[in-house]
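For reference, TrEMBL has these:
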type    : residues : note
DOMAIN  : A:38-137 : domain 'HPt'
MOD_RES : A:His79  : phosphohistidine
Amino acid sequence: MEVGQMQRQWMGYMKSLFMEGFLDGQFLQLQQLQDENNPEFVVEVVSLFFEDSERILKDLSFAVDQQSVDFKKIDAHVHQFKGSSASIGAQRVKNACIAFRNFCEEQNIDACRSCLQQVKQEYIHVKNKLETLLRLEQQIVAAGGSIPMMEWN
Amino acid sequence: MGNQEKGKGLMEPENSAEKLTALVVDDDKLVRMIHQGLLKRAGVKNEAVKNGKEAVDIHYSGQRFDIILMDNEMPIMTGIEATKKLRSMGILSRIIGVSSCTEAEKQEFMKAGIDDYQVKPLTIGVLNSILDVVKASK
């Protein structure tokens, strides 16, 4: 595949991620922070997001499984996850966290457990999408092309 | 002891109006990375610490910054506590509270002495407006 085609494929994929609500404008901000002074910025930030997320999800699963549930602790984890997903523009994960926090406030453990599943699903989805996107970017760069600038209103 | 007056000659001779400096204060590594990336792109020399106490300590060691991006919820010392401490130390840097807190917390943050409040995460546009204010006051 030649570079122009790859770039168009990348653009199409990005557009779909926005249309489907996986990513929001914050992700575009991150792309704009990548330049020749900071060539690996997006990969670094996304990798850190993955690391943080796996850790938070592990902590959340543990907290939710306790005999005596500590809702404050669960809420603290979800708050953190909401923050990091918002930072990266992972909109659906962020929204799932917002719903989760409401149930923490209500101290509804069943709803919390179901929310945790939701959040996990959304995270796995966006992780796959981001990995695909970054792979496309790597291919473009390897072929000597540059990653297009995208605008989203 | 050096002076902290805005608009006058600053302690570090290479600190001209063009080269602003910033301190990022946040316990979240991801947020630090993003805010430092934003600052780097804007050509602002920056450092990051991970809680309010480290923010205070770095000032005790003599460092000064034009801008401080201060999160609130941090272990050991919150942003509100750190802001109060820094103001009582005579620090006149522009402190921007950067957080996702409630209206009540925001009020408390402002009372503690921040100059402005922004919701996390910062965007390029918001950072530019912050930088414009700081540059205009130098």
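If you go along the chain as it appears here, the first residue is 1 and each next one adds 1.
Every residue gets a Cβ built from N, Cα and C, even glycine.
No curator has checked TrEMBL annotations; they are predicted automatically.
Residue counts of the domain 'HPt' (A:38-137) by helix, strand and coil are 87 helix, 1 strand, 12 coil (DSSP-based). Neighbour list (A:His79 (phosphohistidine), Cβ cut-off 8 Å, at least 6 residues apart, same chain): A:Cys97, A:Arg101.
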